[in-house]
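**Q** Not my notes, these are from Swiss-Prot:
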| type | residues | note |
| --- | --- | --- |
| BINDING | Gly147, Gly148, Ala149, Gly150, Val151, Gly152, Lys153, Thr154 | ATP binding site |
Amino acid sequence: MSAGKIVQIIGAVIDVEFPQDAVPKVYDALKVESGLTLEVQQQLGGGVVRCIALGTSDGLKRGLKVENTNNPIQVPVGTKTLGRIMNVLGEPIDEQGAIGEEERWAIHRSAPSYEEQSNSTELLETGIKVIDLICPFAKGGKVGLFGGAGVGKTVNMMELIRNIAIEHSGYSVFAGVGERTREGNDFYHEMKDSNVLDKVSLVYGQMNEPPGNRLRVALTGLTMAEKFRDEGRDVLFFVDNIYRYTLAGTEVSALLGRMPSAVGYQPTLAEEMGVLQERITSTKTGSITSVQAVYVPADDLTDPSPATTFAHLDSTVVLSRQIASLGIYPAVDPLDSTSRQLDPLVVGQEHYDVARGVQGILQRYKELKDIIAILGMDELSEEDKLVVARARKIERFLSQPFFVAEVFTGSPGKYVTLKDTIRGFKGILDGEYDHIPEQAFYMVGSIDEVLEKAKNM
């Protein structure tokens with residue numbers, strides 16, 4: 001191991017001087033004698049390297065001895081990480097003892113080559129009606145979950161983890177990037193109570209941690225997911241929140257001496273996002289499907305950060321405060337959410353027609369709402385009255401009780417297969433259920449439960 005010494009400290013950025021013949025490579029991990037890990041970002045010449053600190057730089061001083069590990073940051077991978085909470089370095093932070101991993105992988109890896117990649121037209125059934133119908137997920141696809149505070153991003157994520165774990169016996173990796181510590185704690189206990197903790201690896205870099213941790217924690221989680229994929233599994237990789245990954249990069253960029261670009265973001269924004277997103281892909285052995293929560297600063301979708309994220313996504317699930325205020329959960333906006341998979345060649349003609357039919361009726365209802373508000377229902381034509389009645393049933397039928405929310409709702413969760421989802425909505429569009437009151441469609445699973453509920457009304 002070659003050794004150097006600290007020559008300059010500026011916040012989270014540390015300069016270290018090494019002998020000329022033993023300069024560390026970019027991305028090598030260095031260990032300070034105080035136990036802090038640094039990651040090399042630039043070589044400045046004269047044996048000096050500029051690093052970011054993966055931990056607080058409090059108490060460091062010039063002249064401290066630094067050793068080169070000659071490797072990038074190595075984190076534990078494999079099934080031993082399931083059910084554990086780790087930090088950016090893969091160290092356990094759940095007070096449950098050592099991880100006991102059999103293997104460690106470097107967090108900086110190249111994306112799979114073209115030959116290894118497989119095209120993903122196979123759908124991943126989530127059991128959530130509105131998602132499977134309107135914005136279906138592809139196996140190995142990337143999904144953006146857009147929403148403000150309190151509309152249900154985290155609950156949707158937890159339900160997806162639960163459904164994949166129980167129904168598909170798949171593994172999930174959750175990377176909390178710049179998370180609130182309280183949310184991370186809630187998430188852990190929810191997973192524990194839902195009995196799916198043994199199928200999830202949790203990696204946290206909270207809001208109060210230095211920017212180096214928040215910048216790298218997404219790569220730590222991704223490395224764990226890649227290991228599961230290479231073992232031939234279909235993995236779900238959750239990132240909450242991808243915006244804070246960008247923000248951490250912005251924080252260290254100026255300290256590293258780079259000129260800021262538009263809106264003060266780092267000039268390497270597109271490259272940093274690309275490096276992360278290109279590794280999230282399916283190979284011939286397995287798939288990584290990612291669900292990323294996206295915070296939109298000041299609701300401006302043209303902001304460089306969400307705009308860069310958009311370029312990588314296959315599906316966008318937009319959660320709407322207006323729908324949540326009606327008590328319809330999951331509060332997914334069926335007119336705003338999109339998916340590249342919603343194509344007759346991928347999902348089949350029937351699914352496509354039903355999804356477009358549902359959107360058409362809801363759009364027409366949206367237009368009629370103004371007339372109803374002023375003149376009332378009686379002034380509508382018979383045809384429009386029928387549209388409104390069916391639209392209200394569809395709106396309610398898009399709601400669904402979640403397994404992870406049983407504690408709050410008091411109703412047992414439901415998993416609905418894609419076949420049942422299409423059958424139910426097709427029936428409503430065709431007028432088969434025009435005689436059933438709309439209350440029967442609220443918070444149920446399949447259409448058979450609607451008929452059962454209607455009998456008891």
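Along the chain as shown, residues are numbered 1 onward.
Cβ coordinates come from backbone N, Cα and C, glycine included.
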**Q** Here are some binding-site residues: Gly147, Gly148, Gly150, Gly152. Which one has the most Cβ atoms within 10 Å of its Cβ?
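**A** The largest 10 Å Cβ neighbour count belongs to Gly147.
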**Q** Taking 10 A as the limit, how many CB atoms besides its own sit near the CB of Ala149 (ATP binding site)?
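**A** If we count other Cβ atoms within 10 Å of Ala149 (ATP binding site), we arrive at 7.
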**Q** I need the neighbours of the ATP site defined by Gly147, Gly148, Ala149, Gly150, Val151, Gly152, Lys153, Thr154. Which other residues of that chain put their C-beta within 8 angstroms of the C-beta centroid, in sequence order?
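**A** Other same-chain residues with Cβ inside the cutoff are Leu319, Ala324.
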**Q** For Ala149 (ATP binding site), what is the secondary structure state per DSSP, taken as helix, strand or coil?
**A** coil
**Q** What is the Cβ neighbour count of Thr154 (ATP binding site) at a 10 Å cut-off, with all protein chains included?
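**A** Result for Thr154 (ATP binding site): 20 other Cβ atoms within 10 Å.
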**Q** Enter the number of other CB atoms within 10 angstroms of the CB of Lys153 (ATP binding site).
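**A** The answer is 22 other Cβ atoms.
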**Q** Report, as a single number, how many Cβ atoms besides its own are within 10 Å of the Cβ of Val151 (ATP binding site).
**A** 24
